[in-house]
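Below is one structure; the comments refer to it alone.
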Amino acid sequence: MIDSEPLLDVRELSVTFTRKGGPTVRAVDGVSFTVRPGETVGLVGESGSGKSVTSLAVMGLLPRRGVEVGGQVLFDGDDLLTLPRDRMRDIRGRDIAMVFQDPMSSLNPVVPIGVQVTEVLERHQDLSGDAARSAAAELLSRVGIPDPTRRLKEYPHQLSGGMRQRALIAMALACRPRVLIADEPTTALDVTIQAQIIELLKELVQDTGAALVMITHDLGIVAGLCDTVHVMYSGRIVESAGRRELFAQPRHPYTGGLLASVPRLDAPRGRPLHPIPGSPTDVLRWSRGCAFAPRCPNRIEPCTDGPPPLESIGGRSLRCLNPLAETEEVAAR
Amino acid sequence: MLKFVVRRLLLLVPILFGLSVLLFVWLRALPGGPAQALLGERATAESVARIEALYGLNDPWYVQYWKFLSAAVQLDFGNSARTNRPVTEEMVRTFPATFELAIAALIFAIGIGIPLGYYAARKYGSWLDNLSVSGSLLGVAVPVFFLAYILKYVFSVQLGWFPTQGRQDPRIDADHPTGLYVLDGIITGNLEASWDAIMHLVLPAIALGAIPLAIIVRITRASVLDVVHEDYVRTAEAKGLWERTITRRHVLRNALLPVVTVIGLQAGLLFSGAILTETVFAFDGVGRFIAEAISNRDYAVLQGFILVIAAMYVVVNLLVDVSYGLIDPRVRVR
């Protein structure tokens, strides 16, 4: 499965925000990754690492003014970045769908849930009237919303947060897309609901054969879900690896720091957490060397001379001049 | 819903009572009086006293108020001191005229305001946007009577496109079963009269609708600018919906909520604007009639008309609240 041709091929994607009278900000810088059919890919990083902007760029949802997008996003042999807008509208929602972070604000408050589900079916599948409504009820029950026929007539404020996210997932999967992008789909939800939603997503992508791009800052989600993981820092990928390799042996100090900062239940009581010191800077620092260098425990002299290249080392990609040693047990520090 | 409407209508009682007291006291505090106004500057003291006795104007104010109130609850507001006809009759004559004018002004303001505000927001920062923003500032800033005179001078007097005054060409023979002249023409099959009434409405409606138009443009623009950045609009885009659907269903339906409130408030204010507009265009409606009543200290007319206008204002706002519940499920009243 993993050896098949990529379905989505993102090449050297860059996104620059230009503001009148302000500095230009490069939010995404030369990001490349592929998504194969049925594969689950994790895009991990802190807030401001460019992961959400990457997903919006792939979907063609960035504002047209004040944003420059470079590189290529190949899907089915087409470069989505240069596709005419109407062609892109055909692909969005049908072939590539997206679930957003905040289910509270992602549903239109004055339109019944039913209409918001059926409108996708009407747009892409030529369903209408009763056929669309029964398909919508089917979808809602598929995502675990009880009493779907009644729910279709209700408005978003009558549903709980978890139910709303389920409804949004139903909308995203309505046309059986080949790629589903989930941008922090559980961040706004209670912890107990989070697990349910992740479980649901996992189940649904398995059933429909959709590839999943999971964007998150939560390594716990990645560990239980993703085949491949890309760790982003300040707009660039710093480490890419298979899930097992990455968790068993993180090589980039940033990945190591992320793993070490996850609270563990099996750790002795009272042991302090290990945060990564400092915070990511707003303006990208890659021009003056590794952007992570100021916070990095493994920093060496050449790190600040110039941006380190992304190199393939033993089946993974790594952007680091002084990676963590192969044997170093990070998680147990 | 019904309970809500009834409760709000009951609220009318204290509002109207309070207003009637205020109005009564305030009118009598004005210098001069109806007798003086009726008889003119050179009236003798005796004739003034005789008129005052005739109309009960010498009684203490609370006696006068009680007389007024007990008649008013039976919708009898007395006779106009100026025309000597029952105030209710004058209402039946003048209210439809102003109502028609207000509707025309609202059609003008809403019909242009909402699309203009929407496109200004979508073309944010473009010449259309700048024009609409500065134009709406001008619309609010220019006094109604000034605009009315300019419109009348340019389009009626100079260009001759529209009639200069009145509601209907006197040479047209038309029946008026409802008092709404445009509607009357349609009912009686006299389309020529309808068209003539419309032509008479155009300029007054523009003058009266200018301020509401400006406010509607601004509110629509600001509201659309807010809504297009909402997450649910992005969700709609992510679904690949047509721009048309996104605009109608996801942007406008939300963006128009505050606009509806503003339209309601403005609709209530149209009556005060009508005083100026109707005077300039010699449009025989409530505004012009009240203006004349003020200069004649016509107590009965002022009391009756202002109370009815206040009641209408409350009812219009009630309608706005009810319609708000219809378009926004979150505030649906129980």
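Each residue, glycine too, has its Cβ placed from N, Cα and C.
Database features (TrEMBL):
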type	residues	note
DOMAIN	B:95-320	domain 'ABC transmembrane type-1'
TRANSMEM	B:101-121	transmembrane segment
TRANSMEM	B:133-155	transmembrane segment
TRANSMEM	B:197-217	transmembrane segment
TRANSMEM	B:255-276	transmembrane segment
TRANSMEM	B:305-327	transmembrane segment
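Counting Cβ pairs closer than 8 Å to the transmembrane segment (B:197-217), the top stretch among B:101-121, B:133-155, B:255-276 is B:101-121. Same-chain residues lying 6+ beyond the ends of the transmembrane segment (B:101-121) with a Cβ under 8 Å from its Cβ atoms: 128-129, 132-133, 201-202, 204-206, 208-210, 212-225, 228, 247, 252, 255-256, 259, 263, 266-267, 270-271, 273-274, 277-278, 283, 285.
Distant neighbours of the transmembrane segment (B:133-155): 120, 161-162, 164, 203-204, 206-208, 210-211, 213-215, 217-218, 221, 273, 276-277, 279-281; these residues of the same chain sit at least 6 beyond its ends, with a Cβ under 8 Å from one of its Cβ atoms.
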